[in-house]
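Structure, as structure tokens:
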Amino acid sequence: MADSNPLLSEINSAESEPQVLHHKHPPSLDSRIELFIGDFGWAQFLQAFLVSFSWFFDAQQTFITVFTDAQPTWRCTQLNDPHNSCNSASNVCQLPQNSWAWDQPRHTSTISEWALECSPSLVQGMPTSAFFLGCLIGGLALATLADTSLGRKNMLFLTCLVMSLSTFLTAFSFNIWIYSILRFITGFGRATIGTSALVLSTELVGRRFRGQVGVIGFFCFTLGFLCLPAIAYTQRAHSWRTLYFWTSIPTFFYCILVHFLVRESPRWLFVQGRKEEAIATLKHIAPINVTTTKTPLTSSFFSNLSFEQETRNVDLYSAINVLVKRRWAFRRLSAVMAIGFGVGMVYYGMPLALGSLDFNLYLSVTFNGLSEIPASLITLFFIDKVNRKTSLLVFTSLSGVCSVMSVLKGIHPIWTTIQIVFELVSFFSACSAFGVLLIFTIELFPTCVRNSAVSLVRQAVVLGGVFSPMLAAAGRVNGGFLSYGVFGVVVGVFGLFVVCLPETSGRGICDTMDEEEYKQRDSCCLYNAAAGDV
């Protein structure tokens, strides 16, 4: 009698006909997993959403210093004194202490509480730079742990926990040096949150919905970004420490949920040789009609694959060694990291440089956060319909042009509005390029090194952010040329590296380096054969 379950029939058909249909192309791990769990189900959605929600807390810690370290406004206190030279254009560092006062209480900002208003811009920007430096070092130090010993889930749990605890301790800082050290630790812990969440969520679904699931994290990041100015506005009369307190507590409870509810990536478990755990995870997230069939899912279901798991080196950084030694992998990694550096300079630099614009800080940050929504929507609805290379080239070029245009000055007052529009378009384009770049990177590298590759790309993005605070501070002096001007040139030039990469739209992901090379050689042979026919 014919099997009433179409998915089971497809599995049995794939198992019984490998000699006829796939004698040159044995089934891959990717195809086996998709046959059992399908493209996308409710269990996969809940897992992906819970994992992706870590981006919400990541966004808050990334941009929190925009408010906690803001330059407060001040006023003159002795307006009727004829010997007083205080006015709105005065430099507070050249005025007597009793001739001016802060508009808000001193504890609302680190600048006013620790009397840093006359300190060099390097000191004022030290906490932000320390955070990005921590992200950079943490990303490099922790890059391969999710691919080797810890796995995606444990890496996500530990990094969120470190970020939560260090953020809570930051609220008790008593000087700029302790504050900067704790911001460094926060950045170090936060470094691989987005990478682990993105890779884990996309490895739980089929290729058809991989791009859309990856965008869930971007939406959560946007939501966290948008909540930050709202929280800061409600706490504007309170100490800057309350922002760190109220953003650390929810993160701690989120860590508990991750520990008990999130499942490890079955692809990573299989590549590590832990087949029984991989099978248990697949049974947990598979549709009910599959798990209740009479044919059980066993290790034999994953036999006769095109490529078995990689021969693993005990060295922690074996994944990076593999990426560097294989010429095609190193070429891809270099190109996506170069693009990431340019995108990161704009993505992190734009919000930090908003203080140089003649616009309300809370509104400008909110508008930048809102611009991430259409960027995420575009990525969500069009990621499976457009080429990765073309999208990246268009977004990086548009971001570069608009960033440079935002530096232009005009006599007419409307130029102020035009500058803000150019800034928003540039930031929107950088957000879109960031999302496409991460999805592109996931598709370019196999499972055995995917987390390491994505982590290195994100560190390149963070490296661009390390230079952003200094450029933003310098841009306040010369009208934005050393901030928005440099941002635009860098993202436009580095975006051209996309021409060195292969297109991955509509292609399944691989699990081993050998499988990726085999697929690359196969596609080259097909291309050459087609060219010969022409």
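Glycine is treated like the rest: Cβ placed from N, Cα and C.
Under the heading domain 'Major facilitator superfamily (MFS) profile', TrEMBL lists 47-503.
Per TrEMBL, the feature transmembrane segment maps to 125-143 (among others).
Feature annotation from TrEMBL assigns transmembrane segment to 155-178 (among others).
For 213-231 (among others), the entry in TrEMBL reads transmembrane segment. Tertiary neighbourhood of the transmembrane segment (213-231): same-chain residues 40, 44, 48-49, 51-60, 63-64, 66-67, 194, 197-198, 201-202, 204-205, 243, 246-247, 362, 365-366, 368-370, 372-373, 375-376, 379-380, 383, 431, 435, 438-439, 442, selected by CB-CB distance under 8 Å and a gap of 6+ residues from either end.
With a cut-off of 8 Å between Cβ atoms, the residues of this chain six or more beyond the transmembrane segment (243-262) that come close are 47, 50-51, 53-54, 57, 60-61, 64, 67-68, 153, 156-157, 160-161, 163-165, 167-168, 170-171, 200, 231-232, 235. According to TrEMBL, the feature transmembrane segment maps to 243-262 (among others).
Residues annotated as transmembrane segment in TrEMBL: 333-350 (among others). Long-range contacts of the transmembrane segment (333-350) within its own chain (CB-CB distance under 8 A, at least 6 residues past either end) are made by residues 62, 132, 323-324, 368, 392, 396, 399, 403, 423, 426-427, 430-431, 433-434, 437, 440-441, 444-445, 453, 456-465, 467-468, 471-472, 483-484, 486-488, 490-495, 497-498, 500-501.
As annotated by TrEMBL, transmembrane segment applies to 362-383 (among others).
Same-chain residues lying 6 or more positions outside the transmembrane segment (390-408) and placing a CB less than 8 Å from one of its CB atoms are 339, 342-343, 346, 350, 382, 415, 419-420, 422-423, 425-427, 429-430, 432-433, 436-437, 440, 479-481, 484-485, 487-496, 498-499. Residues or ranges marked as transmembrane segment by TrEMBL: 390-408 (among others).
Residues 198-199, 202, 210-211, 214-215, 218, 332, 336, 339-340, 343-344, 346-347, 350-351, 354, 357, 359, 364, 367-368, 371-372, 374-376, 378-379, 383, 388, 391-392, 395-396, 398-400, 402-403, 405-406, 450, 453-454, 457-458, 461, 484, 487-488, 491, 495, 501-502, 504, 507, 509 of the same chain lie 6 or more positions beyond the ends of the transmembrane segment (420-444) yet place their CB under 8 Å from a CB of it. Residues or ranges marked as transmembrane segment by TrEMBL: 420-444 (among others).
Here TrEMBL flags 456-475 (among others) as transmembrane segment. Through the fold, the transmembrane segment (456-475) approaches residues 121-122, 124-125, 128-129, 132-133, 135-136, 139-140, 143, 191-192, 194-195, 320, 323, 333, 336-338, 340-349, 352-353, 355-356, 434, 437-438, 441, 481-484, 486-487, 490 of its own chain, all at least 6 residues removed from its boundaries and within a Cβ separation under 8 Å.
Sequence-distant contacts of the transmembrane segment (481-501) (same chain, six or more residues past either end, CB-CB distance under 8 Å): 331-332, 334-336, 338-339, 341-343, 345-346, 349-350, 353, 356, 388-389, 392-393, 395-397, 399-407, 423, 426, 430, 433, 440, 444, 464, 471-472, 474-475. What TrEMBL lists as transmembrane segment is 481-501 (among others).
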